[in-house]
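Asks: For 27-475, the entry in TrEMBL reads domain 'Major facilitator superfamily (MFS) profile'. Taken from TrEMBL, the feature transmembrane segment covers 20-40, 81-100, 112-130, 136-158, 170-192, 198-220, 283-307, 319-341, 348-369, 381-402, 423-445, 451-472.
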Amino acid sequence: MAVSVMDIEEGATTSLPGKLTFQVFMCSIIAAVGGLMFGYDIGISGGVTSMDTFLIDFFPHVYAKKHRVHENNYCKFDDQLLQLFTSSLYLAGIFASFAASHLCRRFGRKPIIMSASIFFLLGAILNFFAQELGMLIGGRILLGCGIGFGNQTVPLFISEIAPARIRGGLNIAFQFLITIGILAASFVNYLTSTMKNGWRYSLGGAAVPALILLIGSFFIHETPASLIERGKDEEGKTVLRKIRGLDNIELEFNEIKRATEIANKVKSPFKELFTKRENRPPLVVGTLLQFFQQFTGINVVMFYAPVLFQTMGSGNDASLISTVVTNGVNALATILAVITVDKLGRRFFLVEGATQMMVTQLTIGALLLNYLHLVGPIKSHAVPLIVLILICIYVSGFAWSWGPLGWLIPSEIYQLEVRTTGYFCAVAMNMVCTFVIGQFFLSALCRFRSGLFFFFAVMNVIMGLFAIFFLPETRGVPIEDMAEQRWKKHWHWKKYFKQN
């Protein structure tokens, strides 16, 4: 099975040499462009589905319903095929990430990252030239393959290439580039919204990060762990010397070699993960973190913010500008997580973020309940502005808590022999939940109206309590000591371990 530098981290921060070299920095940034691709797609979908020219070309019945004076405000965009345009990508991503978890072990990380960019590029081209709905969905499926390959491989690549002492910061940089992609997409949507066939340029713009990643992938190194795992010891030593900027890399090489030999003794990591009692706590926690991450309601905002603002009576331009502001806050708030997550701890941010999101969801729900009636726009000009401010507060709470930590924590809680398999389970849960929300949110908005925001508020209460009572604090704990120092001492999870 695949292993990484993070597999050998017991005492690594003090015993293994290494510094942030130019090679490590460039390889990590190039690989993290995979996050830029993911973010661009998240941000582009909602803006495109709110464009009249896009609706006229592919969903004329939705366009007619949108402009009907007496149409139910909450049901203007309720259409299963329109939602399939958004969600089909994530359905494809589930299967692609599963395939990538096997392929990156056999062929290495670099070719899988390259393949992710090719899939994404082909999807962008197909969407740009789409003439009918089948071509559009086909392009989304190709994009989903790119996202699945990228999300499964890029965080692993960064972890393996980075020195242990800055691994966390470089991994959260992946999440930061997701937010930059979302922000860039909202700018593109605003600029193209008034152009003839502007939706083509928005969707085709996905080719830009794909090309950057494709070209950049020719210049990145394969990770030492992957090379050594596949028996290419001398190549692994050569790359280690380049990325560490040192001649003496024998200590780290020997540690990687040892970790690889231990991991390769497990012939069926999936069986090991699901049948061994000691693996149950991280499996439950890792997958639930991704479940809760999606049911904070964040993708409702990221996918459908322009639609939501138009539902409240904002014009198309105003709704897109509001989305740009929201996504700017998202990017800025993520920087806080990069700087402070190793100082204040994981649980602090998860509980604070859940509380902040719960309060804002309750307030937004109450405002819509009182001011957004079934027919006609909101009469108060202040309410859409207040909702925008509340969404910004909500997004900032997510961006420094459940957003980056939903990816970081699953990467640091599994035992060596099931680490990549466990991480796949987290990625798969993310894709499944994102598909469900993307496919059914607009229908749920039609049926439950403002009550949907109260639902997400309740979910934030549940996930906050989960973080308090069931998540051990992982800050500062060597990965290989996680079971001894945290799981075996936790009031609930200790029963899954044999006590000495």
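Glycine is no exception: its Cβ is also placed from the backbone N, Cα and C atoms.
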Asks: Below 8 angstroms Cβ to Cβ, which residues of this chain, lying six or more residues outside the transmembrane segment (319-341), approach it?
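Replies: For the transmembrane segment (319-341), the list is 43, 46-47, 50, 168-169, 172-173, 175-176, 179-180, 182-183, 185-187, 189-190, 193, 301-302, 305-310, 349, 384, 388, 391-392, 395-401, 403-405, 408, 475.
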Asks: Sequence gap of 6 or more, Cβ distance under 8 Å, 3 or more pairs: do the transmembrane segment (170-192) and the transmembrane segment (20-40) meet that?
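Replies: Result for the transmembrane segment (170-192) with the transmembrane segment (20-40) is yes.
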Asks: Taking every residue in the domain 'Major facilitator superfamily (MFS) profile' (27-475), what is their average pLDDT?
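Replies: It averages 84.
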